Amino acid sequence: MAEPKKLYIKTYGCQMNVYDSERMAEAMGSAGYTEVSSADEADMILLNTCHIREKAAEKVYSELGRFRDLKDAKPDLKIGVAGCVAQAEGAEIMRRQPLVDLVVGPQSYHRLPQMEAKLRQGGTALDTDFPEESKFEKLKRRPKAPRGPAAFLTVQEGCDKFCAFCVVPYTRGAEASRPAARVIDEAKDLVERGVREITLLGQNVNAYHGAGPKGDDWSLARLIWALNDIDGLERIRFTTSHPNDMGEDLIEAHGTCAKLMPYLHLPVQSGSDRILKRMNRSHTADSYIRLIERIRAARPDLLLSGDFIVGFPEETEADFQATLDLIEEVRYGQAYSFKYSTRPGTPAAERVQVDGAEATERLQRLQALLTRQQREIQQAMVGRDLDVLLERAGRQPGQMVGKSQYLHAVHVTAPDAAPGDMARVRVQESGANSLGGVLIGA
Ligand code: 5AD
Ligand code: SF4
């Protein structure tokens, strides 16, 4: 048998790219590749890229430049760019960086084995189609190798919302959902391989509208209820959601579905109605706050997470203050915040930009407030008993690290435990980024 060829994949950006990279590695497995963890030993390098902010896109080019020596030493080495930069820039990538042999977009990576064969014949390969066929239908069934306790599962892709700052509708295309039966099969498969917690993924995951087994239309809540019936699956999460797609059944499921975890990532981006309108968000600060109240009524201990953009074009100090006010009112246990980044081709790119130093200063103030809230909410876990899904060994002997139902990392001494075990932990301390506790009943 031929020596297996070695594939190194580096993943940037969101969890959906993490899932796509797994599937790309599996697809290349059928072309005789095994995955390796360093570029130095690879026969093929794939960068699975992110285009959401300028910095993320530029990182790709600086990383590519670093592969020059590797390619000089091994002229057969193939270099590919996948993901959203590939989709947005296409052939331009090869012009700007001639080291690149292959460019493949997020909707066509099931064709990677054929593209690789083309490279072996001495050519280059480019595919940034949005093909008629779905990659999920074309990709082979996933291999049966054992896995860690937590996994991502993409159920929805694309976005029809066209927020004025965002490239996603252009790089990932229109909203599309996988049929429910396919998702359920894949979830069962993951559980057989050792998975206990599944995070359902989509750019607008709560806009999921997949075909049900009888051809009917399933909402995300309906899908979650079906997954709730899988024996051996203990936890379900989903990310990321748009406020306008929080259906009544999904809100209710937060209070009634036992395996759905009390954690919700629900980005609002800004607390100013004027800016929300300019962002094309089609909700107001007040409608968002009322929505949160309804979800908290269903699940009072819900931990909320959000995304914020500061320095969006035309944002004034008063607009920014409205964002701080909204954060004070909502109280976030987790948050991601960004300085607005101009993305070519999006409507906001044409508008009057906020001074960069001013935006940086606002970001610092926003992050100080969010950090304070996160610390307080984490600190309030001390003395409580949490359910922790143990994921891996910690740094100290006998220590394990896992995630609480609220997604906080928790360290616990549990010498007899194994990854995948569910532990009841009494929290004793709150550190910078994690909690520490002891097993109850140990
Ligand atoms: N500039 C800054 N942040 C952005 N995001 C999306 N586009 C931009 C941009 N142009 C942020 C939003 C989104 C998250 C994934 O990235 O907050 O929710
Ligand atoms: Fe981008 Fe808005 Fe769609 Fe989210 S909802 S992916 S921010 S356009």
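Glycine residues also receive a Cβ, built from the backbone N, Cα and C atoms like all the rest.
Following the DSSP three-state reduction, the secondary structure of C84 ([4Fe-4S] cluster 1 binding site) is helix. Residues or ranges marked as [4Fe-4S] cluster 1 binding site by TrEMBL: C14, C50, C84.
Among the features that TrEMBL reports, [4Fe-4S] cluster 2 binding site is placed at C159, C163, C166. Under the DSSP three-state reduction, C163 ([4Fe-4S] cluster 2 binding site) is assigned to coil, being neither helix nor strand. Cβ-based neighbour count (10 Å, all protein chains) for C163 ([4Fe-4S] cluster 2 binding site) stands at 21.
The coiled coil feature in TrEMBL is assigned to 356-383. Averaged across the coiled coil (356-383), pLDDT for the predicted model comes to 98.
Assigned with DSSP, the residues of the domain 'MTTase N-terminal' (5-121) fall into helix, strand and coil as follows: 60 helix, 24 strand, 33 coil. What TrEMBL records for 5-121 is domain 'MTTase N-terminal'.
Residues annotated as domain 'Radical SAM core' in TrEMBL: 145-380.
If you look up TrEMBL, you'll see 379-441 marked as domain 'TRAM'.
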Filtering C14, C50, C84, C163, C166 (binding-site residues) by proximity to ligand 2: which pass a Cβ cutoff of under 6 Å to any of its atoms? C163, C166
To test your reading of the [4Fe-4S] cluster 2 site: which residues beyond C159, C163, C166, same chain only, put their Cβ within 8 Å of the Cβ centroid of those residues? K161, F162, F165, V167, V168, P169, Q203
Take the Cβ of C50 ([4Fe-4S] cluster 1 binding site) and count every other Cβ within 10 Å, whichever protein chain it belongs to. 22
At a 10 Å cut-off from the C-beta of C84 ([4Fe-4S] cluster 1 binding site), count the other C-beta atoms across all protein chains. 27
Can you give me the residues near the recorded [4Fe-4S] cluster 1 site, meaning same chain, not C14, C50, C84 themselves, Cβ no more than 8 Å from the center of the site's Cβ atoms? Y12, G13, M16, N17, T49, H51, I52, A56, G83, T171
Using C50 ([4Fe-4S] cluster 1 binding site) as the reference point, find which of the binding-site residues C159, C163, C166 has the shortest Cα-to-Cα distance to it. C166
At a 10 Å cut-off from the C-beta of C14 ([4Fe-4S] cluster 1 binding site), count the other C-beta atoms across all protein chains. 20
